[in-house]
Amino acid sequence: MSPKTETKASVGFKAGVKEYKLTYYTPEYETKDTDILAAFRVTPQPGVPPEEAGAAVAAESSTGTWTTVWTDGLTSLDRYKGRCYHIEPVPGEESQFIAYVAYPLDLFEEGSVTNMFTSIVGNVFGFKALRALRLEDLRIPTAYVKTFQGPPHGIQVERDKLNKYGRPLLGCTIKPKLGLSAKNYGRAVYECLRGGLDFTKDDENVNSQPFMRWRDRFLFCAEAIYKAQAETGEIKGHYLNATAGTCEEMMKRAIFARELGVPIVMHDYLTGGFTANTTLAHYCRDNGLLLHIHRAMHAVIDRQKNHGIHFRVLAKALRMSGGDHIHAGTVVGKLEGERDITLGFVDLLRDDFIEKDRSRGIYFTQDWVSLPGVLPVASGGIHVWHMPALTEIFGDDSVLQFGGGTLGHPWGNAPGAVANRVALEACVQARNEGRDLASQGNEIIREASKWSPELAAACEVWKEIKFEFKAVDTL
């Protein structure tokens, strides 16, 4: 073919590089109910206009590339491209902007969190025109939500399975997290459950190591569960971590847990991956297992305020992928969490409909159209003196998880569990009687400790423990 011959596909095609904003910045665009909406915190490189930066994000996370290509003429860019439809400055921050981007629903595979994230955040975060980029929030349209199964069971079904109502659930992470033999590990589980806890937990990095292979751990923990249930008359559980190096091995562990008749298994959803997590969630629903989710590795992604992905987005993704519990910070313990922001994504986990509320970091109204809710788990450096605040902040639909705050009791694991259960029951009773947990919390705990020697001992041990550090994300 002669170099001068013009094909139909090349009509109107002009090679070269053009500004993203000419195609992808569309402030006149009216968003559709079926669009996935994203709010990005954008920090452009010096000299890059915010409109160009926002348009670049929209382009590189949808149909764009660095140059004009002739195959653009073979499809409808207007139908498939992402659009930066609004930009606003971030108050109090120099050269930072919130760029709002709308994505057509046809860009995403149904029921795949993996594909959604691959498109929206898979490539654009290394873009040279940006100094930093953070995904602050997503609006998932109802049409897309309905393609997901979501949590295996949800909050109400879990309460019915456990026959426990009107209070937060109590848990404990077995410590030391690594090094115990399976038999000693099972003994610690039994003591905690016998003392009054609802759940005990594998730590996130307990998988199948030389000192404790997974099958041995599962067997001894199942024995502990059944023994504690027989003695207390309550349904008990232990989060058996099924996370493994392959999906096949993960499923083998989940199947063995089901055969043992235990109520719940666990997965590290970020290190394990969304595809593995969704696979496990589907199995758990089909086989009556609850699924506890640990967020190991989240701070690598969400801790910095100007780069990464906010945890509220990871929480939404988990609700879509599937999990009945997820760790959500404490506000009061050793791990970071601002109260209003934390409660914002806690509501996104539990509630069916959440209104836009920028004061709590919620950029979009979200309708989950009856997708089951997820119980937030508060854990990390908490003890009995935190119980009133935790009960007030998280409410009944939560799991309060005390690791060192149970196993660090001077009299042992079972008395540590007793102390936590007594403290919780005292706080719930006081709240139900109309007392203010925020102002009277310490008094409520002291009153309960007068008739519970286990609680009195715990109060004495942890009376001066505080975690007061400056947040590193101010750097």
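Even glycines carry a Cβ here, placed using N, Cα and C.
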Listed in Swiss-Prot for the substrate site shared with N123, T173, K177, H327, S379, one of R295, R303, R350, R358:
R295
Of the recorded positions K201, D203, E204, H294, which one has its Cα closest to the Cα of K177 (substrate binding site)?
D203
Go through the recorded positions K201, D203, H294 and tell me which ones have a CA within 10 A of the CA of T173 (substrate binding site).
K201, D203
Are there any residues at least 6 positions away along the chain from N123 (substrate binding site) with a Cβ closer than 8 Å to its Cβ? List them or say none.
E60, S61
Listed in sequence order, residues not in K201, D203, E204 with Cβ within 8 Å of the centre of the Mg(2+) site Cβ atoms:
T173, I174, K177, D202, N205, V206, Y239, N241, M266, H294
From the Cα of H294 (active site, proton acceptor) across to the Cα of D203 (Mg(2+) binding site), what is the distance in angstrom?
9
According to DSSP, which kind of secondary structure is H294 (active site, proton acceptor) found in, if we only use helix, strand and coil?
strand
